[in-house]
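S.K.: Right, I'll just put the structure down here and ask away after.
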Amino acid sequence: MADVKKVVLAYSGGLDTSVILKWLQDTYNCEVVTFTADLGQGEEVEPARAKARAMGVREIYIDDLREEFVRDFVYPMFRANTVYEGEYLLGTSIARPLIAKRLIEIANETGADAISHGATGKGNDQVRFELGAYALKPGVKVIAPWREWDLLSREKLMDYAEKHGIPIERHGKKKSPYSMDANLLHISYEGGVLEDTWTEHEEDMWKWTASPESAPDAPTYIELTYRKGDIVAIDGKEMTPAQVLTELNRVGGINGIGRLDIVENRYVGMKSRGCYETPGGTIMLKAHRAIESITLDREVAHLKDELMPKYASLIYTGYWWSPERLMLQQMIDASQVNVNGVVRLKLYKGNVVVVGRKSDDSLFDANIATFEEDGGAYNQADAAGFIKLNALRMRIAANKGRSLS
């Protein structure tokens with residue numbers, strides 16, 4: 001292990017990564033640089049600085065990445081209407097490429113020869129972090145302590161921390177029974193009673209959203225302005241990407257929007273139950289499809305829908321920096337040139353209802369689509385030839401006696 005002189009650690013300041021910090025120092029006899037990302041998780045990140053300093057860390061990075069996260073990762077993903085396995089809005093998955101990118105940048109800045117993370121050997125995050133790291137710095141060494149050590153329970157971690165003088169709170173405030181991960185897009189819950197797929201989640205688990213039953217009895221109306229597929233204003237007020245998502249989380253949470261309880265297929269092979277709150281993302285998905293419905297050509301819209309599951313899978317499995325994801329992104333972004341306009345939504349007790357959409361780039365032609373007299377805008381007699389031509393192959397098959405059953 002003498003080949004490792006300096007390691008950049010993705011550090012939260014919690015029990016797991018604090019133990020990892022000390023374990024790296026002792027096991028590899030190396031210098032550790034800590035990196036703490038503020039992705040809008042809602043927790044104070046500065047205590048991580050004090051804890052790292054107390055453990056002898058000299059180079060400490062605490063970065064506010066909220067704007068970059070939403071602008072360069074969340075927004076591009078939502079241009080594709082991305083959903084994994086029909087439901088999951090990829091709140092955890094989309095944060096990992098940015099963390100990997102910043103780990104490598106700091107490694108380059110500090111001359112570190114390795115990076116380290118606290119993802120376990122059972123989950124997807126180890127794959128996401130490491131695929132990103134290798135794509136951005138092929139020769140980097142990655143240290144994943146959960147795949148090396150025998151500290152495989154919380155109690156063993158606590159004992160290690162006490163033995164090595166790592167500041168912890170064994171008898172502090174009550175710890176959540178769930179494993180949680182949060183950023184500006186979502187908060188996730190795993191473990192505890194959720195490991196029984198028949199057991200209903202507890203109401204007090206949810207942190208961001210009101211229950212639909214207790215949400216306001218009066219609906220909330222909002223208008224979202226789109227420019228090239230991205231939201232740039234709410235109710236006419238221009239906002240940055242992070243401000244947009246923060247406000248949508250707030251108003252969506254009040255109205256009980258964005259709760260999800262699913263069993264998903266992890267990349268490593270197992271099924272895992274997770275509960276998610278994604279109020280802002282749920283609103284964004286509904287609104288984006290609405291503005292696309294009047295601005296996208298039919299075949300472009302259908303092609304996007306065909307490509308989306310593959311795009312979603314690439315993000316879920318950690319291939320954000322792959323050539324195929326980058327290729328798909330160029331196609332998706334090209335489709336958004338005319339996705340401009342305003343969507344009006346009604347938020348009510350867990351529901352997002354589209355009640356209006358308008359655009360100077362709209363392909364909706366009321367003169368042609370009307371059920372009333374159209375003044376010759378559309379010749380209905382043209383449909384006869386259209387139908388006969390499209391039926392030709394089936395007519396030929398029928399004349400040949402081909403069976404239809």
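Quick reminder: no glycine exception, Cβ is built from N, Cα and C everywhere.
These came from Swiss-Prot, pasted as-is:
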BINDING   Ala10, Tyr11, Ser12, Gly13, Gly14, Leu15, Asp16, Thr17, Ser18, Ala37, Gly118  ATP binding site
BINDING   Tyr88, Ser93, Asn124, Arg128, Ser179, Ser188, Glu264, Tyr276  L-citrulline binding site
BINDING   Thr120, Asn124, Asp125  L-aspartate binding site
S.K.: What does DSSP call Ser188 (L-citrulline binding site) in the simple three-state scheme?
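M.R.: Once the DSSP labels are grouped into three classes, Ser188 (L-citrulline binding site) ends up as strand.
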S.K.: Just the number: how many Å between the Cα atoms of Glu264 (L-citrulline binding site) and Asp125 (L-aspartate binding site)?
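M.R.: Cα of Glu264 (L-citrulline binding site) to Cα of Asp125 (L-aspartate binding site) measures 14 Å after rounding.
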S.K.: I need the most crowded of these binding-site residues: Asp16, Asp125, Glu264. Count other C-beta atoms within 10 angstroms of each C-beta and give me the top one.
M.R.: Asp125
S.K.: Which three-state DSSP class does Glu264 (L-citrulline binding site) fall into?
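M.R.: The residue in question, Glu264 (L-citrulline binding site), is strand (DSSP, three-state).
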S.K.: Fill in the CA-CA distance, Ala10 (ATP binding site) to Asn124 (L-citrulline binding site), as an integer in Å.
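M.R.: Here the two Cα atoms are 16 Å apart.
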S.K.: Report, as a single number, how many Cβ atoms besides its own are within 10 Å of the Cβ of Ser12 (ATP binding site).
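M.R.: For Ser12 (ATP binding site), the 10 Å Cβ neighbour count is 21.
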S.K.: Please determine which of the binding-site residues listed here (Tyr88, Tyr276) has the lowest count of neighbouring CB atoms within 10 Å.
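M.R.: Looking at the binding-site residues Tyr88, Tyr276, the Cβ with the fewest others within 10 Å is that of Tyr88.
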S.K.: Find, among the binding-site residues listed as Ser18, Asn124, the one whose Cβ has the highest number of other Cβ atoms within 10 Å in the structure shown.
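M.R.: Counting Cβ neighbours within 10 Å, the top one is Ser18.
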